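Record features, source Swiss-Prot:
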- Asp40: active site, proton acceptor (ACT_SITE)
- His68: active site, proton donor (ACT_SITE)
- 39-45, 67-69, Arg336, 362-364, 444-447: GTP binding site (BINDING)
- Asp40, Glu41, Gly42, Lys43, Asn65, Ala66, Gly67, His68, Thr162, Arg176, Asn255, Thr270, Arg334: IMP binding site (BINDING)
- Asp40, Gly67: Mg(2+) binding site (BINDING)
- Asp40, Val330, Thr331, Thr332, Gly333, Arg334, Lys335, Arg336: substrate binding site (BINDING)
- 1-26: region 'Disordered' (REGION)
Amino acid sequence: MAFAETNPATSSLPNGDCGRPRTRPGGNRVTVVLGAQWGDEGKGKVVDLLAQDADIVCRCQGGNNAGHTVVVDSVEYDFHLLPSGIINPNVTAFIGNGVVIHLPGLFEEAEKNVQKGKGLEGWEKRLIISDRAHIVFDFHQAADGIQEQQRQEQAGKNLGTTKKGIGPVYSSKAARSGLRMCDLVSDFGGFSERFKVLANQYKSIYPTLEIDIEGELQKLKGYMERIKPMVRDGVYFLYEALHGPPKKILVEGANAALLDIDFGTYPFVTSSNCTVGGVCTGLGMPPQNVGEVYGVVKAYTTRVGIGAFPTEQDNEIGELLQTRGREFGVTTGRKRRCGWLDLVLLKYAHMINGFTALALTKLDILDMFTEIKVGVAYKLDGEIIPHFPANQEVLNKVEVQYKTLPGWNTDISNARTFKELPINAQNYVRFIEDELQIPVKWIGVGKSRESMIQLF
């Protein structure tokens, strides 16, 4: 490798230059797929498309609170913890250190999908789990339920969590009392002692919590034997993948930008970073290896559970979107709240993530409308505000300024090219591109793989 020569004499640094050559680190780039709204945008479908020729598909954050649905050969597979790209028999699936793993949930999910079709045959041979990933225990899930109950009793409203133990396990992680995959597979005796301490801590915080410590450990020992062959040093694995022969590496974000612990509509968020920064911290890789960042955007907006939702349509429009879009959560089965597309929210998500292109999904759900509204600005006390408010009370008070566009009022589900879309549907897509200054790469007009129109 030839290095560019440096000349210490002409250095612009105040103390001269050490004379070492400076080169930008090379290696493969990862392609990232992230949710740009409140989740349920159709990330699984975009990942499924990209995973067809990928070598490695990764999850970097969250747990089995996420829900992705992928349809292959008319079989519908549901994923919560496993990267949905594992459905490709040539893919290595990697669960990074930022993911929290509920072992019974992992095996149950795999077994359910194995029974549905051939997509998951031999999954254990193609899954790698970072040894630094934290473990979700049953008592984390039980505590999650108790916390929700307490919030309901004390404040009259809960956070609407999935009760999968996500908040409690990330709390244990931050409090440095959590247990990781490396603890489980390295020394079960030491792991058992630390498990007992953590379980007893939880029992003292939640007196109604019942934990069968010995029974749990017995089960965990069984899981340990099954999981051990899959556990590897995740940092080393990914470094080798990035710096070895050319590979297509895909990162499948869970949840979405507005559910991010830092940038989402706090406190009605998840407990991890589901923006692009979570890719680096959740996999153990530097930012210069991040390549394309695809934002997945539903053609309208949905949200599960409570929290501010400026463009929500609590009326016939919202009901029509809910019914036509079959808007029920994959993980909880809860009805999703529905509203018009919100470009203020998307501009904010773009500021954080730097999307290189968008996938616009479920455009066909808007087929019935003669006119379609798009939120283009927020007003507070009659004045347009230039930012997305952090405070939930403020966000609840904003008045949305809409742009009304003509609908197409025709079935677009059989369109396979952009030109086959009605002119008003084309204009809707172009309007979004112009307002956000991000190109739309895919348009979803139905459930199947074939119904994703690729523009470039």
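Cβ atoms here come from the backbone N, Cα and C positions, even for glycine.
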For the binding-site residues listed (Gly67, Gly333), most other Cβ atoms within 10 Å of the Cβ sits at Gly67
Cα-Cα distance linking Arg334 (IMP binding site) and His68 (active site, proton donor), given in Å to the nearest integer: 15
Nonlocal residues around Asn255 (IMP binding site), in sequence order (Cβ under 8 Å, 6 or more apart): Gly35, Gly39, Gln61, Gly62, Asn65, Ala66, Thr270, Ser272, Cys274
Please state how far apart, in Å and to a whole number, the two most distant Cα atoms are among Asp40, Glu41, Gly42, Lys43, Asn65, Ala66, Gly67, His68, Thr162, Arg176, Asn255, Thr270, Arg334, the recorded IMP-binding residues. 34
Return only the integer: C-alpha distance in Å from Val330 (substrate binding site) to the residue listed as 'active site, proton acceptor'. 8
Hey, what's the Cβ neighbour count for Arg334 (IMP binding site) at 10 Å? 13
Counting Cβ neighbours within 10 Å across all chains shown, tell me which of the binding-site residues Lys45, Lys335 comes out on top. Lys45
Here the Cα-Cα span from Thr332 (substrate binding site) to Asp40 (active site, proton acceptor), rounded to a whole number of angstrom, reaches 12
Largest tally of Cβ atoms lying within 10 Å of a Cβ, found at which of the binding-site residues Gly39, Gly42: Gly39
Which of these recorded positions is closest to Leu363 (GTP binding site) if you go by CA atoms: Asp40, Thr162, Gly333, Arg334, Arg336? Asp40
For Gly42 (GTP binding site), identify the closest of the binding-site residues Gly333, Arg334, Lys335, Arg336, judging by Cα separation. Arg336
What is the number of other Cβ atoms found within 10 Å of the Cβ of Thr162 (IMP binding site)? 23
Cα-Cα separation of Gly67 (IMP binding site) and Val445 (GTP binding site), in Å? 20
